[in-house]
Each structure stands twice: as structure tokens, then as C-alpha cells.
Amino acid sequence: MVLDNVSLIMMAAGDSTRFCASNAQTFRCKKQWLRVGEEPLWLVATRNLTHHFSFKQVILTASSKDYVYMQNISPYKVVQGGQTRCQSLRNALKYVDTPLVLVSDVARWDSSDSIIKTMLKALDESVACVVPFVGVADTSFYEGEYLKRESIKLIQTPQLSRVEDLQEALKDTSKDFSDESSALYALGKKIAFVQGSELMNKLTFSSDLKAHITRLSPPSKRVFIGNGIDVHQFEKNKQMWLGGVEIESPFGFKAHSDGDVVLHALSDAILGAIGGGDIGEWFPDTDETYKNADSKMMLSEIYTFAQSVGYELYNADISIIAQTPKIAPYKSAMRECIARILRVPNAHINIKATTTEGLGFVGREEGVCVEACVSMGFINWHTYIKDLH
């Protein structure tokens, strides 16, 4: 169905705070990045709509952390969101050039095409917004009195709004609203309601996955390989760090950060596996913020991001090529440190060391080279369902 007067905005800029907090030991992946086969949930949700409707524009919002990464994956336009849903919507509306807009949360991934068709029919000239709703089955009590449950509506998305009215409703940036209908209602605009569906209930807490598991395929078992290499020359009178461990040495490494060549190579390998660029893009040496930065922090930030977008580490294999210092006395401590940062068993981290038999810059004891290789895969959220309460 062609909708050349309607744009689609998919809200995907949230941090999944409630979702991750509801099972913090298990879920470090944001809900919009849960994989369904090969695709993240935000892409599944968007394609569920674009499969049935041809919108003039399709726009997704992404958090500042995810923005560049999502751009590299998305076949649709991606705009950077704000700190709140309202701010993200304001940013997206700047790019809309149609009179109508359909706004949906990617956490409501299973939108009904028949309900949307009903919404389109319900949008007459007097209506600024059409929303789907479901009722409540339980007796409801609020602030000292029982409510008439037949009058209670639980509002869902997607919501169909007139762009001009919605922009006016969101003009005051000091006000925050949880959805489009509440913003338009506060402006005195007329809202129309159509019957929604329990299938469009929002995925908010990790326990909600139980209701979705039969309709969402498990993640692909594909393995992703990443390689990283880094070299640093020695610098006298500087502390030496390798693999997160302080090394007894008369010199350290010449670098903008602390120069931990092991953690730098490992960070690049992780970024390579997930298609996340390189460590120089994340922590540029032109930024004084990272002057003498702790490479353990850098690795932790990169891996936390990798988990947040749906990946987990299977194993890491690290080769340290050095004439000096001697690596053997520190290998065990390095493994423990790296495993702790990456939240994996020590057995998943392997560290090897070799010399160049006196050849090259390493043999001349001018510096150290490290190569790292990692294997990673999608977090299999299906296996965690049994642990949910």
C-alpha cells in the first residue's frame, strides 16, 4: 500500500535501562539490538512496517553511542536522538516533509497492518492523532478509589499524527511527553482511538521476552573473526603496561595513552569482529581527554559497546612479539586482567610470546608488536529465557 503522504519514524534511541536492569547479570544487550536471525530487532520492526506500506520517508533515531554504527548497517536514514524520547522525536521531525507521520517504538516490533489501515481511515479533518489501545482486564485502584476499568485505555504505538500539529505540540522543549498523543492532547487537539492488539505490547523488561520467544527466531550462530595489530616504540622513564599489568622495566611506550600495546591490539580485534571501526576513531590521539588514558578503560568501553549492540566474546588469542621485556612471568596476570575486563573465563583468553631472533625493530629492542585475534557471536537471548523471573 503506497502512502506517499506519510513518513515513518522508528524510535530506537533508548538505552534499554529497564530492560537491562531487570536482569543485569544476563542482559548487557539493549533490546533494540537483540538479533532475530542476522538482523537486529530495530530492523525487524522497521521491515515489518515497510513490507506492508510504502512510506515516502523512513527515519530511525539512534543514541549518540549507536549513531555511527547504526548508520553503517541501516538501509534507512538514521538521525541522532536526544536524552529523551521527546527530544529524539523533535530531531527526527526536522527531516519529515510529509503532512502525516507514523511514529512507532522498535520495542513494539510486531505492528499490525490491519490496525494501521484502520488508523488511516479514522484520521478525519478534526483529528490530530490516531492511536491504538488495549483495555485492562483487572480491577484498577488509583489514589483512594476504584476506577471504571471500561474507561481505561493502555495506549500503544504506532501512532498516526499530523506533522504540523505535532511539531507545534513539541515546540516547548521544557516539556516532556511519553508519546505523541499525550503531547497533542496537552495542546487541546482531538485524539481518535482504535482497537489495538496484545501482540503490539511493548518489550520493556527482559521477562517480557517470554511472550515474544515463539514469534522471534533465535539469533544466527555465525561466528565473527576480528584481527588487531599494534606497535609502540619504547620511551625511557615511563611506566610500562602490557595486558593491563604493570611491567618492571626502565622504559614504557611512546603513546598518547598509557601505550598498552596488548590491550590496543585486542580492542582493535573486537572492533574488527563487530564492524565498529578502529581504536583511533574511538580514542583519537588529537583529543587531550585521552592523554595518558588507561587502556583498561578503553578496552572495557569498547567491549561494553559490543555487548550493548548484541555481541559476546567466544575467545581471544594474543601474540606478543618482543625481544624485551620477558613476557613469561606476567602471562598469567595478563590473562586474569583481560578475562576480568571482558567478563569471560580465563580459559577463553590465550597469550603467546615470541621474539624475532634479533631481527628488525623488535630485535633491536626499539619496541613491541602485538597481534590479537578474537572470535565473537551474537548474544543468544533464547538460551537465557529459562533464567528470567
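Each residue, glycine too, has its Cβ placed from N, Cα and C.
Since we're looking at a predicted model, the values are computed, not measured.
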* To do: Kindly point out which candidate in HIS212, HIS256, HIS264 is recorded by Swiss-Prot as part of the divalent metal cation site with ASP230, HIS232.
  => HIS264
* Structure fact -> Counting every protein chain shown, other Cβ atoms within 10 Å of the Cβ of ASP230 (4-CDP-2-C-methyl-D-erythritol 2-phosphate binding site) number 23
* Determine, to the nearest whole angstrom, how far the Cα atom of ASP230 (4-CDP-2-C-methyl-D-erythritol 2-phosphate binding site) is from the Cα atom of LYS202 (site 'Positions MEP for the nucleophilic attack'). => 44
* Asked: How does the model score the region '2-C-methyl-D-erythritol 2,4-cyclodiphosphate synthase' (224-389) in terms of mean pLDDT?
  -> 93
* Which residues, same chain and not among ASP230, HIS232, HIS264, have a CB within 8 angstroms of the centroid of the CB atoms at the recorded divalent metal cation site? -> VAL231, PHE253, ALA255, GLY259, ASP260, VAL261, VAL262, ALA265, VAL370
* Compared by Cα position, which of the recorded positions ARG18, HIS256, THR355 is the closest one to HIS264 (divalent metal cation binding site)? -> HIS256
* Using DSSP, would you call ASP230 (4-CDP-2-C-methyl-D-erythritol 2-phosphate binding site) helix, strand or coil? -> strand
